[in-house]
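TrEMBL has this to say about the protein:
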type: COMPBIAS; residues: 19-28; note: compositional bias 'Basic and acidic residues'
type: COMPBIAS; residues: 35-44; note: compositional bias 'Polar residues'
type: REGION; residues: 19-44; note: region 'Disordered'
type: TRANSMEM; residues: 52-79; note: transmembrane segment
type: TRANSMEM; residues: 91-112; note: transmembrane segment
type: TRANSMEM; residues: 172-201; note: transmembrane segment
type: TRANSMEM; residues: 221-241; note: transmembrane segment
type: TRANSMEM; residues: 262-285; note: transmembrane segment
type: TRANSMEM; residues: 323-341; note: transmembrane segment
type: TRANSMEM; residues: 411-433; note: transmembrane segment
type: TRANSMEM; residues: 439-458; note: transmembrane segment
type: TRANSMEM; residues: 470-487; note: transmembrane segment
type: TRANSMEM; residues: 507-527; note: transmembrane segment
Amino acid sequence: MSSAITGWEHPDPLRADDGLNCHHDGQGGKKARQAGSSSSSQPTYSVLDVPPWYLCILLGIQHFLTALGGLVAVPLILAKDLCLQHDPLTQSYLISTIFFVSGLCTLLQVFLGVRLPILQGGTFAFVAPSLAMLSLPAWKCPEWTFNASLVNTSSPEFTEEWQKRIRELQGAIMVASCVQMLVGFSGLIGFLMRFIGPLTIAPTISLVALPLFDSAGSNAGVHWGIAAVTIFLIVLFSQYLKNVAVPVPVCGGKKCHTSKFYLFQVFPVLLALCLSWLLCFVLTVTNALPTAPTAYGHLARTDTKGNVLSQAPWFRFPYPGQWGLPTISLAGVFGIIAGVISSMVESVGDYYACARLVGAPPPPRHAVNRGIGIEGLGCLLAGAWGTGNGTTSYSENVGALGITRVGSRMVMVAAGCLLLAMGVFGKIGAAFATIPTPVIGGMFLVMFGVITAVGISNLQYVDMNSSRNLFIFGFSIYCGLAIPSWVNNNAEKLQTGILQLDQVIQVLLTTGMFVGGFLGFFLDNTIPGSLEERGLLVWNQMQEDSEETAKALEVYRLPCGIGTKVCTSSCTQYLPFWPRLGAGSRERGRNLLARLFQDPSGARGKGASETKL
C-alpha cells in the first residue's frame with residue numbers, strides 16, 4: 001500500500017474545531033502552534049521532540065494498524081507454496097513471528113540505523129523470488145497437500161513437508177542479507193545509486209506486484225461477491241470518504257471539546273476487513289454460504305478456520321531456528337539477492353521522503369549507509385527467526401507521517417514495542433489467520449494495484465516525451481512479464497546439465513522483477529541520454545543537499561554520544577557508516593568543485609563525462 005490508500009491531504013487527522021492544536025512534551029514545554037502557513041509546513045513534533053506518553057502509544061497503534069495489511073499479506077501469500085493452505089494454525093505462527101521480528105527491526109533502525117521514524121516490516125520484493133524458488137520441481141508441494149481431507153496438520157510427515165521449504169527460504173534470506181549488509185556498511189549503496197535511476201526503479205517495483213495477479217485472483221475467485229464488497233469498501237473509505245471527518249469528544253485538562261477525526265482516511269483497510277468479515281459471519285450463521293467443502297463459496301464461511309483461535313496459545317515466544325536448521329541453495333540465494341537490490345533502492349527513497357515530512361535535513365551518506373546496513377541485519381534476523389521473508393522500510397508508514405504531522409522517534413519506538421507484544425500474544429496472529437479467503441483476495445487486488453502504481457509514479461522525474469525513455473520502460477515491463485511466463489512453461493529447454501546452474505537460471509528468469517529491473521538498468525546506462533532526460537538530476541540533487549550541517553549531526557548521530565563523546569578515534573572517521581564531525585565544509589568543497597566543471601548555464605563542461613555503465 002502507499003499514500004494512495006493511507007492519504008496525505010490533512011496535516012492532522014485529529015483536528016480541533018478552534019483551529020489550534022496544543023500538545024505537551026515530556027518536560028511539559030511544547031507550546032501551542034498557531035494555525036497558518038508555518039504550521040502546515042512544519043510537523044507538530046519533529047524527529048527530536050518527545051510527545052506525551054499517551055500520544056506516543058496512540059500514534060504507535062496507528063502505525064501498527066497502517067502496516068497491518070502488508071505484514072499479514074506476506075505469510076498468507078506464501079502459505080500455498082509452503083503447503084500450508086490447509087493449516088491456518090501454522091499460518092498464525094508465521095504472522096506472529098513477522099510481527100515480532102518487525103518490531104525488533106524497527107527498534108534497531110530507530111536507535112542504530114538511519115535514526116528516522118520509519119517502521120520496518122515484511123517486503124513484497126522477496127515474495128516473487130521466493131515463489132520462483134518454491135516453484136522448482138524439487139520444492140513443489142505434493143498433490144495430497146492440496147486436499148484438506150488428506151492433510152493431518154499434526155503428523156510428522158506434513159510438518160516436515162512445510163518446514164523443509166521454509167528452512168530453504170531462511171538460508172537464502174540469511175545469505176542474501178549479508179550482501180545487503182556489505183553494500184550498506186561499506187558505502188557501496190552511494191556508488192550504485194549513480195547508475196540506478198527512475199527507469200530502473202519503475203519497472204522493478206511495478207513487477208513486484210504485477211506477477212502476483214494470479215494469487216490475488218485465485219483468492220478473490222473463491223467468492224467474487226465477498227471480494228467485490230471488500231474492494232468497494234476499501235475504495236469507498238480511502239478515496240470517497242477520506243475528507244469526511246467524524247466528530248469525537250476530546251478532554252484536555254479542565255475543558256472538553258469536540259474534535260474532527262478523519263477515521264476513513266486513517267483506517268480504510270482495517271475498517272473494510274472488519275466489515276467484510278462481519279458480512280461473512282452473518283452469511284455463515286444464516287447458512288447463506290454453502291456448507292459442502294467442494295461447493296463454490298465454502299471458503300468464505302468464517303467457521304472453516306474457527307478452530308484456530310481455540311488451538312492457538314495465548315502466549316508464544318518466537319525464537320531463532322524454531323523451524324529447524326536453515327538450509328542453503330545457490331538458486332535461492334541469487335533469487336533473493338534480486339529482491340534485496342529492489343528493497344534497497346526503495347528504502348533510500350523512503351529515507352529522503354521521511355526526512356522531508358518530519359522536518360529533518362536530508363540524510364547524509366553515513367546515515368543512508370547505516371540504514372541499509374541495519375536493514376540487512378534485519379533481514380538476517382528475519383531469516384534466523386523464520387518469517388519466510390525479509391524486512392524493509394514501509395512506505396505506507398512514511399505516508400502516515402504526512403497525515404499526523406508527528407515525526408518523533410519515540411512514536412516509532414512505541415510502534416516497535418507494540419509489534420513485539422503482538423508477536424508474543426499468540427491469539428492476535430490466530431485472529432488474522434481466520435480472515436475468510438475472498439476477503440484476503442479483495443485486499444490483495446487493491447494492494448497490488450497500488451504497489452504497481454507506486455512503481456510507475458517514479459517516472460514523474462523522467463522525460464516521458466522521449467522515445468528513448470518510452471522504449472526502455474515499455475520493453476522492460478513487457479519482457480518482465482513475457483520471459484518468466486515462457487520459462488515457467490518451457491523450463492526443460494534451458495537445461496545445461498548442471499543442476500545448480502539450471503536452478504539459478506530458472507529462479508532468476510522466472511522472477512519478473514529481476515528481468516525487468518535488469519533490462520531497465522542495462523538499457524538506461526547504455527543508450528545515450530542526458531541526465532535530465534534520464535531523471536538523474538533529481539537523484540544527484542538529493543545527494544548534494546545531504547550536507548553534514550550541525551542540524552544533520554544532531555539528528556543522525558549515534559545514540560549515547562557514540563562518535564561524538566566516546567569512540568572518537570580518528571580511525572573511525574574512515575568508516576562509511578560513522579558520523580563525521582565537521583564534515584560540512586568538506587561537503588561544501590565537493591559541491592563547489594562539482595560546479596567548476598559546469599558552464600554558467602548549468603550544462604556539463606566538455607571535460608566532464610556523463611555517468612555510464
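Easy rule for this one: first residue shown is 1, then count along the chain.
Every residue gets a Cβ built from N, Cα and C, even glycine.
Under the criterion of 3 or more C-beta pairs below 8 Å, with sequence separation of 6 or more, the transmembrane segment (323-341) and the transmembrane segment (439-458) do not qualify as touching, having fewer than 3 such pairs. Among residues of the same chain six or more beyond the transmembrane segment (439-458), those with a C-beta under 8 A of the stretch's C-beta atoms are 1-2, 4-5, 69-70, 73, 76-77, 124, 198, 201-210, 212-213, 215-222, 226-231, 234-235, 269, 272-273, 276-277, 280, 300, 395, 535. Through the fold, the transmembrane segment (221-241) approaches residues 4-7, 264-265, 267-269, 271-273, 275-276, 279-280, 289, 296-297, 299-300, 436-439, 441-443, 445-446 of its own chain, all at least 6 residues removed from its boundaries and within a Cβ separation under 8 Å.
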